[in-house]
Amino acid sequence: MAVTRLAVAAALSAAPPSSRRRRAFFHHSCRPLPSSAAAAAKALRASAAPAVDEEAPASPPPSDLGKGVENLVIIGSGPAGYTAAIYAARANLKPVVFEGYQVGGVPGGQLMTTTEVENFPGFPDGVTGPDLMDKMRKQAERWGAELHQEDVEFVNVKSRPFVIRSSDREVKCHSVIIATGAAAKRLRLPREDEFWSRGISACAICDGASPLFKGQVLAVVGGGDTATEEAIYLTKYARHVHLLVRKDQLRASKAMQDRVLNNPNITVHFNTEAVDVVSNPKGQMSGIQLKRTDTGEESVLEVKGLFYGIGHTPNSQLLQGQIDLDDAGYILVEEGTAKTSVDGVFAAGDVQDHEWRQAVTAAGSGCVAALSVERYLVANDLLVEFHQPVREEKEKEITDRDVEMGFDISHTKHRGQYALRKVYHESPRLVCVLYTSPTCGPCRTLKPILSKVIDEYNEHVHFVEIDIEEDPEIAEAAGIMGTPCVQFFKNKEMLRTVSGVKMKKEYREFIESNK
């Protein structure tokens, strides 16, 4: 969506300062909540990554973990990857974890897009997916796991030691755990790309809070737990939600079915599929073209947004041709184990589980994989123990720079609409605005990534975080339809909008060329 200089300027000039006190954005205490079971995905999407026997791209600087061969590299995070990291770190393996992110989908994996997890043991009142992942990540880090929020681009498990190459480093290792999860499927409607992030989304929790969806009629496609959960979540913001189900019944759990069917703000359309998107003369999404699967009858349903909840595809492309996969792309493991067809390579989580796909089963498989790695290393006389002190997290002092009286433009990082108005009108620097929402897991992933890049250009950039629920008028004027979203301004001109989570080098290159 094109955002005019006039609209943003008007919003920044007219919006009254918020009277409520807001906590300051403190980048150093933000813990990344990375890529879940969907890590390493840019590479993963790239079956385009070079094959092992092809010429590999130039190697990045070697890992600073040491010049030797590491015990274990874990590719991916989520409940499988983080659990594996916890067990491996406690066993003194000092695992190297590439958390990565999911290109074209939702960083942090499926739990990062889940509102309430009500069936994970130990949380009688439930827990949000991002909060659960945050706790797991901190636990892995506390016991000595080496975490890198980087995208894996190349894997060679055909020769030893194995080689894992990310966007920033190369690591050699004796064993690998693949916990890359699965990516959200798309319908591939004729106009899907045109309206992706402009009305179509695969993440209700990321994009549902957008001011452009509030009070509107929305639709969700799918009949399982993911789709029903998205429909329920969207009723917090939408006037009404339509759930489109291809078959004549829901596949979701009985509890989720009851909640959907008894919700007056949700209408379920059985035997119905989406055929395409309909737009108005302004080029905005105005509806969905539907088709009955039983009669073939077609109709148009007026909605302002369409959300997908139609399942996932395993992120195993990096391993194609190197380990055994089934016809759907899931990694094949020996029954009851995490062992793949390659000795020393193990798989955990949704990348090898096409049946259960639960957070607790993913965590269990991560545990099995880590214990299997330890046995493998011992049996082959490869284990080198690293005894590290347990890392205790220190409380960070939180200061509020962004209330009107305390604002200081000499600082680089700020939060809230008052700060944005000040830097927008007064700063000669490039202005980077990050739009977030409270329940957005990918926002937690992006904050530390972007923060590190901003630190590199401290004298050339001003950074402001905007919570779209606290400052909806700013988000609406900027045309924000989902979070996370980054906009760059200079001299009151908007230069670029970047939706979702990207690699550090993409933000770095843009800032470098526009500072």
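The first residue you see is number 1, and the count goes up from there.
Just so you know, glycine gets a Cβ as well, placed from its N, Cα and C.
The active site, nucleophile annotation in Swiss-Prot covers C440, C443 and rests on similarity to another entry. Summarising the annotation, Swiss-Prot assigns FAD binding site to 77-80, 98-99, 106-110, N119, V152, C206, D350, 357-359. If you look up Swiss-Prot, you'll see C203-C206, C440-C443 marked as disulfide bond. If you look up Swiss-Prot, you'll see 377-515 marked as domain 'Thioredoxin'. Under the heading site 'Important for activity', Swiss-Prot lists A227, V245, R246, citing a curator's inference as support. Annotation source Swiss-Prot lists transit peptide at 1-45, citing sequence analysis.
Structure with Swiss-Prot features highlighted.
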residue : record                        : Cβ contacts under 8 Å, 6 or more apart
A227    : site 'Important for activity' : V220, V221, L243, V245, A252, G309, I310
R246    : site 'Important for activity' : G223, N271, T272, E273, T293
R357    : FAD binding site              : A182, H312, D350
C440    : active site, nucleophile      : P130, I205, C206, A209, T483, P484
C443    : active site, nucleophile      : C206, L434, T436, S437, T483, P484
Students should find that the Cβ of C206 (disulfide bond) has, within 10 Å, a number of other Cβ atoms equal to 30
Which residue, out of the recorded positions A80, C203, shows the minimum number of other Cβ atoms inside 10 Å of its Cβ in this structure? C203
Spacing of the two Cα atoms, V152 (FAD binding site) and C203 (disulfide bond), in whole angstrom, works out to 23
Quick one: mean pLDDT on the domain 'Thioredoxin' (377-515)? 88
Would you find the one among the recorded positions V152, V245 whose Cβ has the most company, meaning other Cβ atoms within 10 Å? V152
Including all protein chains shown, what's the count of other C-beta atoms within 10 A of the C-beta of S77 (FAD binding site)? 42
Cα of C203 (disulfide bond) to Cα of S77 (FAD binding site): how many Å, rounded? 19
DSSP, reduced to three states, assigns C203 (disulfide bond) to coil
For the domain 'Thioredoxin' (377-515), the DSSP residue counts stand at 49 helix, 30 strand, 60 coil
